[in-house]
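Taken from TrEMBL, the feature transmembrane segment covers A:27-51, A:71-104, A:116-140, A:171-190, A:243-262, A:282-305. Annotation comment: TrEMBL describes A:79-307 as domain 'ABC transmembrane type-1'.
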Amino acid sequence: MRKGQTVPPTSERTRTRGAPLSLGDRLFAGSATGAGVLILLVLAGVAAFLVAEAWPALTASEDEIPGGEGLVLYIWPLLLGTLLSATLALLMAAPLAVAIALFVTHYAPRRLAAPLGYIIDLLAAVPSIIYGLWGFSVLAPQTVSPSGWLAENLGWIPFFAGPASSTGRTMLTAAIVLAVMILPIITAVIREAFLQTPRLHEEASWALGATRWEMIRLSVLPFGRSSMIGGSMLGLGRALGETMAVAIVLSVSADAFSFNLISSSNVATIAANIALKFPESSGVAVNVLIASGLVLFVVTLLVNMGARAVINRRREFSGAN
Amino acid sequence: MAKRLDVSDLDIYYDKFLAVQGVSMTIEPRSVTALIGPSGCGKSTFLRTLNRMHELVPNARVEGKVMMDEEDLYGPNVDPVRVRRHVGMVFQRPNPFPTMSVYDNVAAGLKLNNKRMKRSDMDELVERSLRSANLWDEVKDRLNRPGSGLSGGQQQRLCIARAIAVQPDVLLMDEPCSALDPISTGAIEDLIVELKRDYTIVIVTHNMQQAQRISDTTGFFNLKAIGEPGALVEIDATTKIFTNPGNTATEDYVSGRFG
Ligand SMILES: Nc1ncnc2c1ncn2[C@@H]1O[C@H](COP(=O)(O)OP(=O)(O)OP(=O)(O)O)[C@@H](O)[C@H]1O
Ligand SMILES: [Mg+2]
């Protein structure tokens, strides 16, 4: 086989139907199917539990719900807080992840590239409580004076309306912590895609006299586009569900959502709110928290399914050939 | 347009591995030079030194001299990117940019070279390149469709159009027809013969009939021995190489009595 030729993709389906399977094949097929079914069962079980436990909250009257304005008005600001912090984290992490992935795959000398990849992966292994503590005691104080500056000079933008928090435990800080936390997974997905850019496509650019950056723009980025989207959505999914770090970092003191990122009055996120309120709740209040958890479950599921769909579409990216 | 290449004493390395040794040849402008030889003897490797693509392989390097008219391609102040803009290349497998339209594929090199080209000039150059590549009539109604939607032979002609759109001095082709059917191959061979009016063409091929049909000069590469580097055995007028070669190894190879 000469180089440059491809092996035709082999497929498990080439085996004719009904042909006898060996014992090993049958065992493997059986256990794989079993594992798949088990996962679906667990997922369905979780959903059933959430619905069952949330049910009393759905049927409760308005004044039984904490806050006294009904379930929807209780969860809605939390959902917005969740979406705001996660989206903000994504906006910070995704471009950085693309830059890191590009550096690791196409700029760094080989001796540097591998260790750098490792270090980024290691970030994923740090427990989220550590990130929370770091955000609380190191990052938050650092943000106080820049936040003051933002409030003073860019206060006309709703995001920086101020007054700036004096502790730095703001939405902005929480989003930065989240961004650091989701950086590894996004980077890993994108790096993988960039590494797989077909040499054929890269050479098409080189041969036209592209510089390295032009080659990346012509060949690497288009090939990696769906992975950039998919990886970002996976990261978003994680940011939505992150609990401890947000619960520690964010100073929660408001019931109404606002776009103000640097003030001391913030709504919680759904996950952080559950963590903070659960120990002291009883009765319907618990069901309310679980109902908010159900909402988070659905949103996260949708985001992850979207991410998977986008990533899988890349498989059909046959390229030129 | 159409420059002469003058290669002297070229040694080509992959890291410490000497892949090709001591190549010297002159490639005439406005002619087709075919490079033949058994697999692994370094034809592609040599071809890729002519537009400095070889050095994209980590630690790959070249010793010796390649002159394009008066310019030393490996001179100390020569930017490889600029060399590649003057020496186009077409690959074994068609490789249009898959997410780009037919039009954008042809225009890709133009946009790299000249960022502020007027739209009308661009349209004209794209049309001219597609016409030169004998593809215009087949794609003129679908310039905005993806280039990867064309047939293999059309894709390869699209790649040729893309390469000649920037009006290079030299066009390198590495087995451009080996992934194509006989009809598409014929179309591309006709095209190569037409293109040699304007370009210096170097083509690697495993197809002896093809070399005879389209080339003026043929160079035969071979491995000196198993484990030895590849080398240019002889280069001469195509008719001479195929009827009365100066070397018995060449004769064995072109007559199919090889190995
Ligand atoms: N990227 C690479 N790294 C290291 N060695 C390489 C690389 N590419 C090619 N070689 C080696 O260089 C030698 C020449 O290979 P080359 O691809 O130039 O041969 P070729 O004549 O084009 O063969 P074919 O007719 O099969 O295309 C071979 O020994 C090959 O193994
Ligand atoms: Mg080759």
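Backbone N, Cα and C atoms are what each Cβ position is placed from, and that goes for glycine too.
Any TrEMBL annotation is an automated prediction that lacks curation.
It should be emphasised that the depicted structure is a prediction, and the values quoted were computed from it without experimental measurement.
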>> Six or more residues beyond either end and a Cβ under 8 Å away: which residues meet both conditions relative to the transmembrane segment (A:27-51)?
In response: 21, 290, 293-294, 297
>> If we skip the immediate neighbours and take only residues 6+ beyond the ends of the transmembrane segment (A:282-305), which ones have a Cβ under 8 Å from one of its Cβ atoms?
In response: 46-47, 50-51, 53-58, 60, 64-66, 71, 74-75, 78-79, 82-83, 233-234, 236-237, 240-241, 270-271, 273-274
> In terms of Cβ proximity under 8 Å, which residues at least six beyond the ends of the transmembrane segment (A:171-190) contact it?
Replying inline: 81, 84-86, 88-90, 92-94, 96-98, 100-101, 104, 120-124, 128, 131-132, 134-135, 139-140, 143, 147, 224, 227-228, 230-232, 234-236, 238-239, 242, 245-246, 249-250, 260-262, 266, 269, 311
>> Should anything in the same chain at least six residues away from the transmembrane segment (A:116-140) have a Cβ under 8 Å from its Cβ atoms, list it; otherwise answer none.
In response: 100, 103-104, 108, 167-170, 173-174, 176-177, 180-181, 183-185, 187-188, 191, 242-249
